[in-house]
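Engineer: Mind looking over this structure? Questions follow.
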Ligand code: AMP
């Protein structure tokens, strides 16, 4: 009698249900643990062929999440290989903060906003206490459980930090959440990058739309400077030494209240400290949690009482009549993005990828290289701008896809005009 493959035994324990979503590295399914009856989420990551090497992103996510046990961080329950894929089993979460922010039927009171941002900062404070940078903070990576608890998820880009000489890639975070030091190409950074992203999330909760919606890295800096004024060297002395530094047209800072008219004084004070330009002067997550914003009235809403959307409608992966199926069906045509980590430390390759996606970072390099003294202009459209579709890391092609129907309508309109004339 042949002995059963132990990984198959583990895989058979989970009954796969519908697809919950697709991340950069693989598909996430809802599943039932037949042993405990618990609903779980399983992230299936392609391990890659031998010659492609080990998928370090997955291994890193496992290693870091094993260390990070906190009520505001997603729990990794199990991990097992099966049929050339690595399966990460997580606690199941009903929705995420992006769905909350987008849902027009939800009213978020100042106490609700305080509760959501407090849970975000608590999860982040735990990461930083353990010397881990998340590096991909954004509303759809903040998952919300059935009891209203918010938890940080997607640690695929997370890294251990702390060593002063350690160099990292600056191609992290979705652009709208990227700190100015990253946009200026710094390779040595710390917990401040997560604080900046958390501040963008805080602003997004207040405005109910993404705050700084840059369409390129240069434009992102322009949006930041329009909101907070162009930084001066007394405000941020190290700025001019950053690898991709370019001079921007000077604009003074408008009053923060003009951007957040309904916010309390405490809210604005905390926001301004989180949005401090100089990462060395930026408030830490722990200091932010100790800010009087969290102890003054109104106190944060109890998570169980927070408004939440009805559970997300998910892409159904199974025929309901078939009932649950066993994990790992033959799904062949999944598109999985290339491993971002392979590009880390290989700037040529990273640059090529940026070029392909139409990134204008190369242009920044060119301007900096020629040392032309032409300050880059600042874009004021942040004031009352409409939400754009969310860019993720190096996925500018999405813009072209979005643009396509508009181009088609334009040509159709031209043709109609022509026919009407002849
Ligand atoms: P990720 O690869 O971690 O970015 O996950 C991709 C998508 O899968 C997310 O945007 C969520 O919609 C969904 N997802 C990930 N983890 C969970 C979870 N623990 N519970 C429910 N849905 C999840």
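Any Cβ shown, glycine's included, is placed from N, Cα and C.
Features from TrEMBL:
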- 136: active site, proton acceptor (ACT_SITE)
- 20, 21, 22, 23, 24, 25, 26, 27, 28, 43, 44: ATP binding site (BINDING)
- 14-294: domain 'Protein kinase' (DOMAIN)
- 299-336: region 'Disordered' (REGION)
- 396-414: transmembrane segment (TRANSMEM)
Engineer: If we count other C-beta atoms within 10 Å, could you say which of the recorded positions 20, 22, 28, 136 has the fewest?
Structural biologist: 22
Engineer: Write out, in the order they occur in the sequence, the residues of the chain not among 20, 21, 22, 23, 24, 25, 26, 27, 28, 43, 44 that have a C-beta within 8 Å of the mean position of the C-beta atoms of the recorded ATP site.
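Structural biologist: These residues sit around the ATP site: 45.
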Engineer: What is the total of other Cβ atoms whose distance to the Cβ of residue 26 (ATP binding site) is within 10 Å?
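Structural biologist: The Cβ of residue 26 (ATP binding site) has 23 Cβ neighbours within 10 Å.
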Engineer: Including all protein chains displayed, how many Cβ atoms other than that of residue 44 (ATP binding site) lie within 10 Å of its Cβ?
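Structural biologist: Residue 44 (ATP binding site) is surrounded by 21 other Cβ atoms within 10 Å.
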Engineer: CB neighbours of residue 24 (ATP binding site) within 10 A?
Structural biologist: 18
Engineer: Within 10 Å of residue 136 (active site, proton acceptor) (Cα to Cα), which of the binding-site residues 22, 24, 26, 28 do you find?
Structural biologist: none
Engineer: Which of these recorded positions (20, 28, 44, 136) have a C-beta closer than 6 Å to some atom of ligand 1?
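Structural biologist: With ligand 1 as the reference and 6 Å as the Cβ limit, the list reads 20, 28.
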Engineer: Give me the largest Cα to Cα distance among 20, 21, 22, 23, 24, 25, 26, 27, 28, 43, 44, the residues the record lists as binding ATP, in Å as a whole number.
Structural biologist: 14
